[in-house]
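K.L.:
Below is the structure I would like to discuss, written out as structure tokens.
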Amino acid sequence: MEEAELVKGRLQAITDKRKIQEEISQKRLKIEEDKLKHQHLKKKALREKWLLDGISSGKEQEEMKKQNQQDQHQIQVLEQSILRLEKEIQDLEKAELQISTKEEAILKKLKSIERTTEDIIRSVKVEREERAEESIEDIYANIPDLPKSYIPSRLRKEINEEKEDDEQNRKALYAMEIKVEKDLKTGESTVLSSIPLPSDDFKGTGIKVYDDGQKSVYAVSSNHSAAYNGTDGLAPVEVEELLRQASERNSKSPTEYHEPVYANPFYRPTTPQRETVTPGPNFQERIKIKTNGLGIGVNESIHNMGNGLSEERGNNFNHISPIPPVPHPRSVIQQAEEKLHTPQKRLMTPWEESNVMQDKDAPSPKPRLSPRETIFGKSEHQNSSPTCQEDEEDVRYNIVHSLPPDINDTEPVTMIFMGYQQAEDSEEDKKFLTGYDGIIHAELVVIDDEEEEDEGEAEKPSYHPIAPHSQVYQPAKPTPLPRKRSEASPHENTNHKSPHKNSISLKEQEESLGSPVHHSPFDAQTTGDGTEDPSLTALRMRMAKLGKKVI
């Protein structure tokens, strides 16, 4: 109770002291204002006195004197108020001093009466022990046949609590011996070494310099005896700094050398790539085509075959030839492949390559013949250049081994027909053409859909695009209903008519090569070697598809 009253008296003294300080500050401000007014009135009175000496009229002198008297009166009032305020300030300062003295006395009493946390804990223990309660032993004494060694659970719990609360019986979980060197000039402590000790073997020898309930620090001299007298206690900051230095010293370990990470081989699973068939680079160098004496249309076909894809365009027709290039020995080896009529919106696949390109002046596409009309042989033209002849002599191809390495020999090969030449059998050529039995089997494969075919037929015109300007134009005849290809007669005039019906057979072409020139409208369109102009052959094929006949 006494402590509470002292605390209350101290708080009241602090409050009174604060009020007095505020009054003193206000009075000092008032004094400053009065002093400024006093100085202003003094200056005004001196100026009026100086002006009064130069005035000769009586009325003005009387007015100036009255004003001067009023100013002098105000000056006296201000001087008195300033003196009074200064006296009040002195009284307030004395009262503040008395309150401060009283506050200091109360604070001293509080320090003498105030108890620490340890004192409070001890007093609570003493009160618990002094409290009059019935003994537990008396309760269990009435129980018969109870062994003397039996300890009630409540009593055992109290004993355990006393052991835990007792500071002397506390066990250290971790102990460490730290050697510290202290600089007496700067006061800095340096950790020399730190040795962990077993907590069971640790003995609190030395002088306790720090204890916060969780950590205890004992000062021991170098000979493991108590430190010299006059050892001061350590501050929490110093203890934390020592523990930090000790932990850093323990964490330091010798450098372990190992192979760098980048020295180990790195194995990364390869990403499977999609198989795409694209024409290889330098296609014309890899596949050397020996052709001499062919027409302009054939040369354009060879050029376009090396450049990539080309599209034959007619009126409302798109012809796309997916024919991969194939090398051949010394002579032009070709296979004409019949293509289907497809809609205009059909896209070209990446593997498709064309063998011919439509001539700007020609009214029809380049010629394409049946695989049955494919021929192979030796090509030697009389007007061929010396360079081509040297290449023919140096380069000897085998038709089987001249294929690209990525093509299987067992799979069928697509060949392109480029024209006819006279071929002569010789023993020398047969030696180089080992593995070639003289026969190449070719077949015409047509893949179509009946629905697409019907749609395509609906879009096809019944006459050739340039037929009105041609000499062989005839009006279209009404066509019967479409039937299946297997049931249609080869001689019927339908859109499914074979395109090779009106083409020249091998025997007829051989006869035309040896026969004299006939005077026909199309004889002028022949090449220098006697073969038929490819544009005329293409016109024949186109007219054959449309059911017309070229004379």
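Glycine too: its Cβ is placed from the backbone N, Cα and C atoms.
Swiss-Prot feature annotations, pasted as is:
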- MET1: N-acetylmethionine (MOD_RES)
- 12-106: coiled coil (COILED)
- LYS125: SUMO2 cross-link (CROSSLNK)
- SER135: phosphoserine (MOD_RES)
- LYS179: SUMO2 cross-link (CROSSLNK)
- LYS179: SUMO1 cross-link (CROSSLNK)
- 248-259: compositional bias 'Basic and acidic residues' (COMPBIAS)
- 248-280: region 'Disordered' (REGION)
- 270-280: compositional bias 'Polar residues' (COMPBIAS)
- THR271: phosphothreonine (MOD_RES)
- SER321: phosphoserine (MOD_RES)
- 342-392: region 'Disordered' (REGION)
- SER370: phosphoserine (MOD_RES)
- SER384: phosphoserine (MOD_RES)
- SER385: phosphoserine (MOD_RES)
- 449-535: region 'Disordered' (REGION)
- 484-495: compositional bias 'Basic and acidic residues' (COMPBIAS)
- SER498: phosphoserine (MOD_RES)
- SER515: phosphoserine (MOD_RES)
- SER520: phosphoserine (MOD_RES)
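Let's see these features in context: how buried, what's close, how far.
P.N.:
Taking the Cβ of LYS179 (SUMO2 cross-link) as reference, residues of its chain lying under 8 Å away and at least six apart in sequence are, in sequence order, VAL191, LEU192, SER193, SER194.
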K.L.:
I'd like the number of other C-beta atoms within 10 A of the C-beta of LYS125 (SUMO2 cross-link), please.
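P.N.:
Excluding its own Cβ, LYS125 (SUMO2 cross-link) sees 12 Cβ atoms within 10 Å.
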K.L.:
Reduce the DSSP letter at LYS179 (SUMO2 cross-link) to three states and note it down.
P.N.:
strand
K.L.:
Can you see whether DSSP assigns LYS125 (SUMO2 cross-link) to helix, strand or coil?
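P.N.:
Looking at the DSSP assignment, LYS125 (SUMO2 cross-link) belongs to a helix.
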K.L.:
In this predicted model, what is the average pLDDT of the coiled coil (12-106)?
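P.N.:
Here the mean pLDDT over the coiled coil (12-106) amounts to 87.
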